[in-house]
Each structure stands twice: as structure tokens, then as C-alpha cells.
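The next block holds one structure in the form of C-alpha cells; read it before the comments.
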Amino acid sequence: MSRLEAAANVVLRVPALALLDVLYRWDAAAVAELLRPRPGEGLRGDALLRPRALWGASCVGHVLCVVLLVLPVRSLVRLYLHLLTALLLCAGHQRASDFVRHELQRGSQGAVYSDVAEFGRFATALAGQLCICILCALLMRTRQAWLFAAPLLPVLARLCGFPLHALPVANTFAAILTSMEVLYVLGSHVLVPFRLAAAACREVLQATELYRLLALGVSLWSQLSVPLLFLVFWLVLFSLRLSSFLVSSGSPVAQQGLLFVLLSSVAECCSTPYSLVGLTFTVSYLALGVLNLCKFYLLGFGAFQNGNVMHRGVTEGVTLLLLALQTGLLDLQVLQRTFLLSIILFIVVTSTLQSMIEIADPIVLALGASRNRSLWKHFRGVSMCLFLLVFPCFMAYKIAHFFHLDFWLLILVSSCMLTSLQVMGTLFIYALFVVELLQDTPLERMDEIIYCVNAVSRVLEFLVALCVVAYGTWESLFGEWSWMGASVIIIHSYFNVWLRAQSGWKSFLLRREAAKKINSLPRATRGQLRDHNDVCAICFQ
């Protein structure tokens, strides 16, 4: 698939997805209530059918949008070409109606070439209709441009000297002729959707086994470019909403600052399941871009040769989707949704920072241990670590400044503190490597020092998690108690306290046992080292 065809495959499906979003927002019962006749007007037969007719129209609209969404790209192109041709014909008939109305208003009965001004207006109308005929013929890929020349009839009638009262008749005849052509085209293609649906049903029936159904789903996912489709759809929706906020500078939202405007625009664009899925894919792509930028900053173009599957932004997108579904984001009002979405995005950003630490930590430590003296590489690694040290603290300060401190907020702040603690441990070990690099002889007991630094970092992380559990327990006992809060405390205690303590204690025991075994070995004397030329027992060098 070429790039142009791939772009068309995404762009041409966006209107169908936008219509599905509009149909989801459309409340048929509310519209039927508005269309219900007022007291005293009497009940009409069509009024009784309006609610059912609206629900039926909504169902038909959903089916048509789904069919339009899954059409092959070549069928989509043909459909849009036919729609564009129909719009051009409508524009041609509108121009013809305007021409007839202006001629009737002027009331000139003479030939069009008798007056220069009138001939100029006639030439303009004729040139416009000819351009429409040529464009329609190009879109339909036919040389028979006369098939689209029906809007020319009133203009040609004026040229031939027909009386003015005959021009509306010619215009009506031209509209009827075009309508008959449109009906003929619709009738000749009425079986195309059924043929496509039958082919799709045959393909689904053939895929009776589970793995074939999965293969069919993966194939449709790839052919429809679902992530890019929802990304483009949400970006268009967000751009329209943001532009409306920025244009209406007198609105209360626009006066709250740029950050609040952005959050309000995002909250407005996640009020339906379709827009929420679009926001999920948008966050995934943004996280992927940030992580790739982090890799490129640290390693250059060589960072993209072996990519980690966990650093593709999927975790951030899934986190946002699960939190939105768990908290009922779609059912909230706009203002409540804005504040809740700010907290969810804070968690997503924290997850992204954690992924950046997982990328930067081995690179920075390897840079310090490899005796690389490139100042630019060291600057990039250290600056990235400093950013990951300062930015989580700034985020924790901001969210603590805007919201009242409670158990949930403490969990968010503690995640930022853990991120900064991990970066501090990485920077300290890197500094030890650099100090060893600058010295002529290696540092004694370097391995023990690094182990102590890691142990202190893990102990501080354990203490932070323990403080969170203690505060949550105190708040549950003496404050507001809930099953949700108790379950979070239990899960947090198990994963972040008990498992951390168990893992740290096992590591300490293994380290102590290894130290005992090493200390039980005899140490070489200076004479033995001189006699054996100081040969290492492991690498024999």
C-alpha cells in the first residue's frame, strides 16, 4: 500500500467515525420530546410515530456508518467521488437557479450579446457551468461530459433567446433530469453493499475456528489502521474544540488560562466511547514519541535498532483507558471530568517518567562504567537524569498545591518521590564510576559501596510506601472508611510493602552468605602475588 493510499485509508474513514460519535451523543427521546405537538395542537398520526421513527433512523445511521467504516479503500474512494460529483451537480443547479432569478429581476428581453455588462454576467455563468461539467467528467473518469450538462439548460435557453418566463421551466426540467440520472446511478449500485456484506459474511463463516477469528480480527485491525484512524479522529475533534475556546475569548473557560483551556478541551473530547478510545490512542502515540525522543537524546540514531516492546506507549494508553472506565469518566459533567482527567493524566505522565527511567538507568550506568570520555555523551545522560529528578518533584508540588491532601493524593505524590529516589541512586552510582574513571587505581570495595547505595535507595522507597500505608490506615480508621480505600490499602501493602520487604531481606541474606563464602577463602600474600605474576583466578590475566 502506497503512502497516498494509506493516508486515504485513514482520512476517508474519519467522517464515518465522526458520525458514529454524533449519533452516540444524539438523544432520540429528547429530540422526540422537542418534536411532540403542544397542547391544543391536536395529535397527528405522524407525531405518534416520531419517537419510533427517530430510534429507527438512529439504528439505520449506526449500521450505515459501520458499513462505511469497514468498506475497502477503493470502494471508499469511488463512494466519495460519487458524493463529490453529486455536490458539484447541486452547486451547478444552485448557480443556475441564481442565474434565472437574476434574469427575472432584471427583466431584460434582448439578446445577451447586445449589452456588454449583461454579456459578461452570462459568460461568467456559462464558464462556471462548463467547469462543473468538466470536473464531474474528470471525477467519474468519462469523456461524456454531456451527462453532467443538465445545469447548463437555463443558460443555453437564455443564449437561444427564450422568453424569460421559460427559464424557470428549463431550470425545473434540468433538475428533474439530474434527479433521474442520480436515481439511475443509485439503482445500478443498490446491490453493491449487499454483495460486500455477503462477501464479509462468507469470510466470517469460513473462519469458524478461534485462531482464524483472531487472524481475521488482526487483519481488519491492520487494514483499517485502527490506531491511526482514532488518532486522526480525536486530533480533529480536539482542534475544533480548542479553536472554539480560543475564538470565544470572552467565555469563562478561556479566561482561566491556557492549561485549563487545554484540559477543558480534552475533557470535552472524551465524552463518548469513541472519543475516549481516540484519546487512548493519542496518549499512546504521545508517550511513544516522548520515549523515542528520550532514546534519541541519549543514544542518537542507534537507539532505534533494538526497541523494547514495553516502551511503545501501550502501558500509558491502557492505564488511561482503565482509569477512565473505573472512575466513570464518561458520566461526569464537563467541570468534574476536567479535574478527574487532570489526575488521570498525572498518573499517565508518572508512568511515562518511570519508563524514561527504565531507559536512562542502564544507559547512564553503562556510560560511567565503560570509561567513555566523551563529554557530550556524559552531559546528555546527566541532564536527562537531572530532568527526571526535578520534574517529578515539580509535578508533586503542583498537584499538592491544587488539591487537598488525602490518601489518594498521597499515593500520587509518593509515586513522584519514588521516581526521584530511583534517579538519585542512579546518579550516585554514576558518580562513583566517574570518580573511579578519573583515578589511576580502582576504588577498594567498589562492589560493596554500590550495593550499599542500592540498599539505601530501596530502604527509602520502602519507607515511602510504608508511610503511605500508615497514612491510609489512619485515615480509614479515624476518617472516612470505604471498601475501595481498604482494598487499595491492602493491595498497596502487599505489593509495595510486603513484597519489597521480602525481596530486600532475601537480597540481604544472599549478599551476607556470599560475603561469608568470599571471606572464607584465603587471601594471597605479596610473595604469592609476586611469584604468580598477579594472575587473576577468573580471567587468568
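Counting begins at 1 with the first residue displayed.
Each Cβ is built from the backbone N, Cα and C atoms, and glycine gets one as well.
Just so you know, TrEMBL annotations are computer predictions that nobody has curated.
TrEMBL annotations:
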- 6-505: domain 'TRC8-like N-terminal' (DOMAIN)
- 53-72: transmembrane segment (TRANSMEM)
- 119-139: transmembrane segment (TRANSMEM)
- 146-167: transmembrane segment (TRANSMEM)
- 173-192: transmembrane segment (TRANSMEM)
- 213-237: transmembrane segment (TRANSMEM)
- 257-276: transmembrane segment (TRANSMEM)
- 283-304: transmembrane segment (TRANSMEM)
- 339-360: transmembrane segment (TRANSMEM)
- 381-401: transmembrane segment (TRANSMEM)
- 407-437: transmembrane segment (TRANSMEM)
- 449-471: transmembrane segment (TRANSMEM)
- 483-501: transmembrane segment (TRANSMEM)
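Among the recorded stretches 119-139, 146-167, 173-192, 283-304, 339-360, the one sharing the largest number of Cβ pairs closer than 8 Å with the transmembrane segment (257-276) is 339-360.
Long-range contacts of the transmembrane segment (173-192) within the same chain, counting only residues at least 6 positions beyond its ends with a Cβ under 8 Å from a Cβ of the stretch, are 75, 82, 86, 89, 93, 96, 147, 150-154. Contact check: the transmembrane segment (407-437) against the transmembrane segment (283-304) gives fewer than three Cβ pairs closer than 8 Å, residues 6 or more apart, which falls short of the contact criterion.
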